[in-house]
Amino acid sequence: MSETLNLLKQLIERPSITPNDAGCQTILIDRLKSVGFQCEHLPFGEVHNFWAWHGHQSPFIIFAGHTDVVPPGDETQWHSPPFTPTEKNGYIYGRGAADMKSGLAAMVVAAENFVKQNPDHNGTIGFIVTSDEEGPAENGTQKVVDYLQQKNIKLDYCIVGEASSNEKLGDAIKIGRRGSMHGELTIIGKQGHIAYPHLADNPIHRSFQAFEALAKTKWDEGNEHFTPTSFQFYNVEAGAGAANVIPATLKAKFNFRFAPIHTTQQLQQKVERILNYYQLNYDIQWNVSSQPFFSGNGRLATFVRQAIQEICHLNTEPNTYGGTSDGRFIATTGCEVIELGPVNKTAHHVNENICIADLEKLTDIYFRTLQLLT
């Protein structure tokens with residue numbers, strides 16, 4: 001059994017449902033310490049994090065990832081227990097197999113092998129690992145980055161081991177991510193008897209035109225690196241608990257996924273202009289969960305693409321598709337950030353899995369990238 005597969009199995013066995021680490025980080029820390037890494041445990045609240053490093057020079061190359069996983073859902077729908085790593089037809093199944101315990105296992109084994117072969121390597125190799133990526137992400141990577149900045153540690157390059165590949169390992173890497181902003185909107189009407197609508201003000205009826213306008217608005221055209229901004233309602237609630245009552249309020253929740261084309265303030269102003277145009281009485285609360293970032297095709301991305309070409313014989317596609325990741329926190333330091341990991345098709349799904357053969361290739365890609373950077 002390969003070292004990467006062995007480590008992945010150990011991690012899958014730990015039911016580390018966010019924000020519980022379930023001992024995963026102890027396994028990783030013990031392995032890294034055994035090859036000379038210095039490690040700091042950085043707990044914040046109930047979240048476990050660690051920071052590890054080997055070397056004392058620049059450039060500073062960081063591997064970043066998370067040990068927490070999403071809940072398995074209905075376990076009767078799994079063909080094997082979600083926290084029992086199970087090999088079948090060349091794949092390994094288990095919660096976290098794709099997102100992202102395979103990435104973590106490959107990064108750690110690659111770093112181990114590299115420092116064993118190059119104990120006096122140029123540069124510094126580091127790890128930022130958290131158990132708070134699948135949850136609120138308030139006490140995880142963001143807090144570790146704040147800690148490093150307080151210590152004046154300057155990061156140069158970061159590989160986030162998220163499942164970035166689409167159909168084949170290495171066919172895509174992320175060189176940026178869209179931002180995410182949530183809005184919680186309350187449309188205020190007047191409650192009344194449903195038989196006497198002239199004595200009430202129905203917030204549901206009032207909202208229709210404005211909601212249609214918001215849903216049909218073309219916020220931008222995107223650009224060569226980012227798809228157009230997306231606006232989606234994901235929850236609408238109204239009703240007074242009885243069939244003969246016009247409700248006093250309607251509550252709606254929506255989300256923007258946006259490129260660096262806009263500021264959050266510009267998007268907020270556009271929404272409020274539409275609501276005002278339709279003369280709605282409303283209250284709105286905003287929550288910016290992440291700002292967009294774009295690292296571009298820098299030195300790290302160039303070397304990662306070279307490593308993928310050498311090992312997987314693919315011309316990888318750099319893109320900015322998908323959701324948010326902890327790379328957004330690391331990018332605020334000015335560090336070049338890319339995301340490179342396994343195929344993402346089954347992430348968060350029942351019977352989550354990864355191709356076993358991809359584990360060694362992914363380990364080799366990380367190892368080769370370290371060679372090229374140092």
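Glycine too: its Cβ is placed from the backbone N, Cα and C atoms.
As annotated by Swiss-Prot, active site applies to D68, with the evidence given as sequence analysis. Under the DSSP three-state reduction, D68 (active site) is assigned to coil, being neither helix nor strand. Taking all protein chains in view, 26 other C-beta atoms sit within 10 angstroms of the C-beta of D68 (active site).
For E133, the entry in Swiss-Prot reads active site, proton acceptor. Under DSSP, E133 (active site, proton acceptor) is assigned to coil, being neither helix nor strand in the three-state scheme. Counting every protein chain shown, 26 other Cβ atoms lie within 10 Å of the Cβ of E133 (active site, proton acceptor).
All protein chains shown were included, and the count of other CB atoms within 10 Å of the CB of E162 (Zn(2+) 1 binding site) stands at 27. Per Swiss-Prot, the feature Zn(2+) 1 binding site maps to H66, D99, E162.
The annotation Zn(2+) 2 binding site is assigned in Swiss-Prot to D99, E134, H348. In sequence order, T18, H66, D68, V69, V70 are the residues of the chain that are 6 or more apart from E134 (Zn(2+) 2 binding site) and have a CB within less than 8 Å of its CB.
In the structure shown, the C-beta of H66 has more C-beta neighbours within 10 angstroms than that of any other entry among the binding-site residues H66, H348.
For the Zn(2+) 1 site, the Cβ centre of H66, D99, E162 serves as reference, and the other residues of the chain with Cβ at most 8 Å from it are G65, M100, G103, E133, E134, V160, G161, A163, S325, G341, A347. Under the three-state DSSP scheme, D99 (Zn(2+) 1 binding site) falls in the coil class. Taking the centroid of the Cβ atoms of D99, E134, H348 as the Zn(2+) 2 site, the other same-chain residues with Cβ within 8 Å of it are V69, V70, G96, M100, A347.
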